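The domain 'Succinylglutamate desuccinylase/Aspartoacylase catalytic' annotation in TrEMBL covers 11-201. The Zn(2+) binding site annotation in TrEMBL covers His19, Glu22, His115. Among the features that TrEMBL reports, active site, proton donor/acceptor is placed at Glu175. For 217-298, the entry in TrEMBL reads domain 'AstE/AspA barrel-sandwich hybrid'. Per TrEMBL, the feature region 'Disordered' maps to 309-328. Annotation source TrEMBL lists compositional bias 'Low complexity' at 318-328.
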Amino acid sequence: MRPVLLPRLCRVAVCGGTHGNELSGVYLVREMLKTETRREDGESASVLMVLSNPRAMQQCRRYVDTDLNRCFTHATLNGPVSDGTPYEIMRSRELNAMLGPKGSRAAVDLVCDLHNTTANMGLCFIAYSDSDWICLHIFRYLQMPDTPMRFIHFDVSNKESYSLYSIGKHGFAMEIGPQPHGCVKSDIYTAMKEGVQHMLDWAGYFNSGCLFEGGLVDVFTMVKNVDYPRDGETRNIMATIHPRLQDRDFCLLHPGDPLFQTFSGETLTYNGNEPLYPFFINECAYYEKGIALSLARKKCVTIPSIRAQTEEEEEQASEQSFASEEEE
């Protein structure tokens, strides 16, 4: 089969500190800001480093007023504002102006948003599409022997997508754990640094015209979130993750398997209708969101061979796109 031809990645944004207490991304972007933003060979992308939530970073908090990584839906980006509008909503508009506008031709070509999790998830890509060949090929290229890697798909439309990386024409979160919020661990930081470097290397190879062969990628599509058992009146949690499940992210959970252990010592089992894969198990930041863990189905996605369009092919594609818009 002929390869799929895609536009080059001329502008790439690497963002850290979207959550101000997830410190691997904060320190990595600060380190990258010390070096040139454009790499030596002419085919490499122009790289923009962004510290997304400076106020939250200064206070070493996830956010100041509201979760910035939930502020990038079309409705939030285009809704009314006032003197009382939360800081993160105003910041999301600044970031949209800097990297977007979302959904436009002017948006950066690729956004990589750096995150940490307290869950034992290894290195995960999180994306809103399971057919974005750029993100899937980068993930396939990144395979690192000492770091477990998974691709997580949130099946959400572009209009409703709420994360910072949805601004770009292509985008994903690079989520690495386990790491407690408010501190940085050398192994987690190093894995993130290597992941970002491999991503930028891939973009350079792609822009230079390299052909990337197709293949298979396992994709975990999120099905639902599960809350902790709660008291009907106080809404206080009544159990924690069962010790047999704790730290076993992406290990298949079968109906009847232990799920929670109540504070009185009772085991509560998973009563779903099908085996699913748990992730974000006991994520610290999700207590306030009412999420004990998320569950996903795994499928194997066939990705095609791809290469970057030549300048002539880009011009032809742009003319065809303009002609189609004129007809509409």
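Just so it is clear, glycine is given a Cβ too, placed from its N, Cα and C backbone atoms.
What TrEMBL says about a protein is an automatic prediction, not a curated fact.
Features recorded in TrEMBL, as mapped to the structure shown.
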| residue | record | Cβ within 10 Å |
| --- | --- | --- |
| His19 | Zn(2+) binding site | 26 |
| Glu22 | Zn(2+) binding site | 29 |
| His115 | Zn(2+) binding site | 25 |
| Glu175 | active site, proton donor/acceptor | 24 |
Rounded mean pLDDT for the residues that make up the domain 'AstE/AspA barrel-sandwich hybrid' (217-298): 97
Residues close to Zn(2+) site centre defined by His19, Glu22, His115, Cβ within 8 Å: Gly17, Thr18, Asn21, Gly25, Arg62, Asn69, Leu114, Asn116, Thr117, Glu175, His181
Cα-Cα distance linking Glu175 (active site, proton donor/acceptor) and Glu22 (Zn(2+) binding site), given in Å to the nearest integer: 10
Rounded Cα separation (Å) that holds between His19 (Zn(2+) binding site) and the residue listed as 'active site, proton donor/acceptor': 12
